[in-house]
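Listed in Swiss-Prot:
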DOMAIN    4-60  domain 'DPH-type MB'
BINDING   26, 28, 48, 51  Fe cation binding site
């Protein structure tokens, strides 16, 4: 079980459009970071690369759902013999 240093709303993070990464200041002087892709995949833990602290990111997962669509199953019911 992870012990979070803090829980922080995504709105409090700084967003870098070039790297598609969210940053939040860490007490050690570096930044916690989490990518947009991580959020789209349901991740909610931002890490600091300079120390062992982690924070829980509070965000609406529905807003970060990946835009991928899954095709409907085929309705072709023809069976193929092996």
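Note: Cβ is positioned from N, Cα and C throughout, glycine not excepted.
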Given the binding-site residues 48, 51, which one's Cβ is surrounded by the fewest other Cβ atoms within 10 Å?
51
If you count CB neighbours within 10 Å, which one among the binding-site residues 26, 28 has the smallest count?
28
Additional residues around Fe cation, ordered along the sequence, whose Cβ is within 8 Å of the centroid of 26, 28, 48, 51:
27, 29, 30, 31, 32, 49, 50, 52, 53
Please work out the helix, strand and coil residue numbers for the domain 'DPH-type MB' (4-60) from the DSSP assignment.
8 helix, 25 strand, 24 coil
